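See below for the structure under consideration.
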Amino acid sequence: MEEDLDLVFAALADSTRRAILARLAEGEATVSQLAEPFAMSQQAVSKHLKVLERAHLISRTKDAQSRPCRLDADQLEDAVGWIERHRKIWADRHDRLADHLAALPEETS
């Protein structure tokens, strides 16, 4: 699980890969369709797609010619769950600190 999360967060660290995922959230697309908005070669986009595939964020169908890519949101949901658990931990700590500080007697000058 931790290794999977490492791959997901590493994949999400790049703005091009996030843009690719945003595009795939609208529906499947071929490599050439995904490369269109970027000033990079299809080969460079393919490298980004391999990173996303290793993180299990996308899959490619076995269509003989075009091999369209599609978003696999399960890993994103796992990452969101991890973030939410840690957000709650820190929010609880913040609340306890605020309560502690509020209970301290005020200093007089």
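Backbone N, Cα and C atoms are what each Cβ position is placed from, and that goes for glycine too.
Unlike curated entries, TrEMBL annotations are predicted automatically.
Here's what TrEMBL has on this protein:
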- 1-91: domain 'HTH arsR-type' (DOMAIN)
Local confidence of the domain 'HTH arsR-type' (1-91) - pLDDT mean: 91
Summary of DSSP states over the domain 'HTH arsR-type' (1-91), given as helix, strand and coil counts: 57 helix, 7 strand, 27 coil
